[in-house]
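A.B. asks: Below is one structure. I have some questions about it.
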Amino acid sequence: MGTTTNIIRVLFISILIDFLEFTIILPLLPKILTYYGRDTGINQDSLYVQTMSFVQFIQDLTGAPNDAKWNSVLFGGIIGSLFSFLQFFSSTLCGAASDRYGRKPMLLLSMIGISVSYAIWCVSFNLTIFMLARVIGGLSKANVAIILAIVSDSTTENERNRAMAWIGAAFSLGFIFGPLLGAFCSQWGIAYWPNSTMMFFIVPAVISLVLSLINIVFIIQCCPETLPIAKRNSKQTTITDISNKILPWHLFKFTAIHNVKSVDDIIILRRLGLASFLYMIIFAGLEFTITFLVYNRFNWNSMKQGKMFFIMGLCMALVQGGYVRRIPPGKEIIAAISSDIISHTNQDL
């Protein structure tokens with residue numbers, strides 16, 4: 001097993017590459033969905049028609065305006081929700097599998113699935129193929145959960161806060177450069193293949209695929225196995241064990257966790273889990289809808305959206321790398337509450 005510093009460095013680079021490839025698509029989503037809706041009549045993709053029917057149902061249910069601009073926002077929200085819903089299952093199940101079979105094999109399996117999804121995206125000539133790529137990507141997107149487990153394996157309690165801050169900084173850096181890279185590659189594809197209507201997303205898809213393959217090779221060569229065989233879960237998996245890991249009411253209660261020191265620890269975990277869930281609802285909603293908002297309201301192209309994400313990611317990186325890693329052990333809750341107060345104050349202003 002490598003030293004803690006070396007392992008965290010490897011994970012930092014892997015997360016950075018992963019988030020670069022993952023966020024490349026963000027500034028392209030509005031235009032991609034516009035592209036898939038260009039056909040009419042019998043030439044229109046059947047899945048696109050069915051999805052738009054569901055969008056109409058959501059409009060009727062919520063009273064949202066029946067406007068083409070806001071239809072695309074709901075459309076994008078459905079795609080983002082589907083990906084996250086599948087990721088929810090894959091993260092919990094693959095995380096549990098890594099407890100039994102080891103971190104590295106499950107991490108590589110997840111990353112291979114991600115590469116397959118990017119390969120399909122490269123040839124997504126209609127919405128059905130594109131959605132297939134998103135489904136495979138969502139089912140495979142367990143690498144982050146496994147990497148966090150590796151961090152837990154490799155660090156002591158005093159080291160963990162600093163290590164998590166570096167992982168958070170890698171997310172932020174990927175958020176800085178990924179959308180900008182996607183926008184640049186899209187414009188490059190349009191400039192060099194002006195007669196092709198698909199190069200605006202094929203070039204970014206190819207770049208995502210190449211980055212994912214580089215990441216796989218990097219993990220194979222540089223990431224050690226951090227969960228020794230002696231510490232792995234050798235218990236036979238039952239239906240109850242699976243339900244404890246995928247059913248939401250069991251997850252919020254942390255039913256699958258048994259080796260806790262006291263009841264108070266479970267109560268704290270439940271509160272943290274609920275707080276994390278509520279935060280991610282808001283952040284994921286921002287991540288998948290803000291591109292449609294600026295595309296429809298301000299007519300921002302992919303490059304302007306990439307620059308927007310660059311500024312957002314830069315702020316996140318400064319906070320994660322400059323402030324969060326310096327929070328002393330035991331002061332995390334106070335820091336989180338203070339950040340929330342500052343955030344709401346800025347929104348009020």
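Cβ atoms are placed via backbone N, Cα and C, with glycine included.
Sharing the record's features from TrEMBL:
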- 7-349: domain 'Major facilitator superfamily (MFS) profile' (DOMAIN)
- 7-29: transmembrane segment (TRANSMEM)
- 73-94: transmembrane segment (TRANSMEM)
- 106-126: transmembrane segment (TRANSMEM)
- 132-151: transmembrane segment (TRANSMEM)
- 163-193: transmembrane segment (TRANSMEM)
- 199-223: transmembrane segment (TRANSMEM)
- 277-295: transmembrane segment (TRANSMEM)
- 307-324: transmembrane segment (TRANSMEM)
A.B. asks: Could you name the stretch, out of 73-94, 106-126, 163-193, 199-223, 307-324, with the greatest number of CB pairs under 8 A to the transmembrane segment (132-151)?
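C.D. replies: Most Cβ pairs under 8 Å with the transmembrane segment (132-151) come from 106-126.
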A.B. asks: Summarise the model's confidence over the domain 'Major facilitator superfamily (MFS) profile' (7-349) as a mean pLDDT value.
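C.D. replies: Residues in the domain 'Major facilitator superfamily (MFS) profile' (7-349) carry a mean pLDDT of 82 in this prediction.
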A.B. asks: Using a Cβ cut-off under 8 Å, which residues of the same chain at least 6 positions beyond either end of the transmembrane segment (73-94) come close to it?
C.D. replies: 29-30, 33, 51-52, 54-55, 58-59, 64, 106, 109-110, 131, 134-135, 137-142, 144-146, 242, 245-246, 251, 284-285, 287-289, 291-293, 296
A.B. asks: Which residues of the chain, 6 or more past the ends of the transmembrane segment (199-223), have a CB below 8 A from one of its CBs?
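C.D. replies: Answer is 7, 10-11, 13-14, 17-18, 20-22, 24-25, 28, 31-32, 35, 104, 107-108, 111-112, 114-115, 118-119, 121-122, 124, 150, 181-182, 185-190, 192-193, 302.
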